[in-house]
Amino acid sequence: MDLFMAISLFFLCFIFFIYKSYLQKRNQNCYLLGYECYKASDDLKLDTETCGKLILRNKNLGSDQYKFLLRTMVNAGIGEETYGPRNVIDGTEETPNLSGSLSEVDDIVFGTLDKLFDNNGVSPSEIDILVITISMITSVPSLPARVINRYKMRDDVKVFNLSGMGCSASVIAVDLVHHLFKTYMNSFAVIVSSESLIPNWYHGNERSMMLPNILFRLGGCSLLLTNKSSMKHKSLMKLKLSVRFHGGASDEAYQSCTRVEDSQGYCGFSLSKSLPQAAAKAVTMNFRVLLPKTLPLRELVRYATVSFLHSKTNNNKGKTPSLNMKSGFQHFCIHPGGRAVIDAMGRSLGLNEYDLEPTRMALHRFGNTSAAGIWYVLSYMEAKKRLKKGDRILMISLGAGFKCNNCVWEVMKDAMDDVNVWKDCISRYPVKSTANTSFLEKYSWVNELEPQPNKKIEKIKN
């Protein structure tokens, strides 16, 4: 009898352990149910004429600065239809105010959240976790509090306000939610990512701080995620893995992208010469963890073998062996931070123009929208009907700090074909060239000016 009781107790404990492990594994899943990207109104477009007026009315610029901006505008990969902040369009960028800044944030946050809730049939009262990642503005009450008040969310919603994370913030938020899902079962989570441009437009003449004015544009996104197994059949994608690297312990990496004041007291972002090296190191260190977990064993063995033979036969001369990224991923969402960033990532990962097309076109149409940028890239893939069930997508995000954060998604359904913000223009893409030749044609006279650094140009040609 005692033996029977002992066997029964052991069997019950075994069943309980198996069931508990099953529940834990089930709740570790992270599904993307939907996402919405922000598209501003047409009156906020920064076309050639508007950009030219904006640059020329800066009284702190001289001919050298005009020439630098002309070259940069032509080669940055930015098109004619990106969106700028309201105060820049209205010509009041030198006197930003809090009400205008909050109005800009409200348009992006509430505009994308309204669509997100409506299109997915989820009520704001069902949200268990709220993460906001808008770095360059603070308010009291906080931005998450504005969202909670607007949608009358529950008083037990778990709130996280990520500040200063920059262009990598949305992937950081996804990783955070993934870990929270291990504790909070059967939950819905919302992530909102954007940036505040109105109070952060640079008015000085430092080249390292003028570049963000050209690259950064108005944009944002909202994501809806869940770990409910009952929602699996409704999900767009499933998170397979996320890897984060932070190189902030290095002084050079930490100072490569910072918000500072120049010698005249103008505040803006400074992009130092050490930025490419900091980014390259961050990507390398991240991939050391990511790739062994995601690429097939045969590719890892092939790479190790070829690398060994290369070191023995060529004495480290000639073309260096590289991993075949396409053996593990079908699609690549690279942060559209600028043409140089895209080119460098393409070379280092061995990607062709088809692979880079979504990122280049997102930069051309919407500019660098900070942490939301990779979701505009994903939306382009959807609009072009590239995604099929079972495909794996690698999202690569870079941010100040310096950080490299990646995540791997698996497509859960074939019908990922929502055109989203690309509805009015997807038929025109891809464009043959991302160079802004119209800007060159209109303002080529700048190259004729005599060098006059830090001196106002008295006569402006139209």
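Here, residue 1 is simply the first one shown, and the rest follow in order.
Glycine is no exception: its Cβ is also placed from the backbone N, Cα and C atoms.
Keep in mind the model is a prediction, meaning the values are calculated, not measured.
Feature annotation from TrEMBL assigns active site to Cys167 (among others). Taking the Cβ of Cys167 (active site) as reference, residues of its chain lying under 8 Å away and at least six apart in sequence are, in sequence order, His335, Gly337, Asn368, Ser370, Ala371, Gly373, Ser397, Leu398, Gly399, Ala400.
Here TrEMBL flags His246 (among others) as active site. Annotation for His246 (active site): spatial neighbours Gly401, Phe402, Lys403, criterion Cβ-Cβ under 8 Å with sequence separation of six or more.
Among the features that TrEMBL reports, active site is placed at His331 (among others). Its own atom aside, the Cβ of His331 (active site) has 20 Cβ atoms within 10 angstroms in the protein chains shown.
Per TrEMBL, the feature active site maps to His335 (among others).
As annotated by TrEMBL, active site applies to His364 (among others). Cβ-based neighbour count (10 Å, all protein chains) for His364 (active site) stands at 24.
Summarising the annotation, TrEMBL assigns active site to Asn368 (among others). Neighbours of Asn368 (active site), defined as other CB atoms within 10 A of its CB across all chains, total 25.
What TrEMBL lists as domain 'FAE' is 22-312.
TrEMBL lists 330-410 with the feature domain 'Beta-ketoacyl-[acyl-carrier-protein] synthase III C-terminal'.
Residues or ranges marked as transmembrane segment in TrEMBL: 6-23 (among others).
For 159-181 (among others), the entry in TrEMBL reads transmembrane segment.
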Rounded to the nearest Å - Cα separation of His331 (active site) and His364 (active site): 19
Cβ atoms near His335 (active site) (within 10 Å, other residues, all chains): 30
Averaged pLDDT, computed only over the residues in the domain 'Beta-ketoacyl-[acyl-carrier-protein] synthase III C-terminal' (330-410): 94
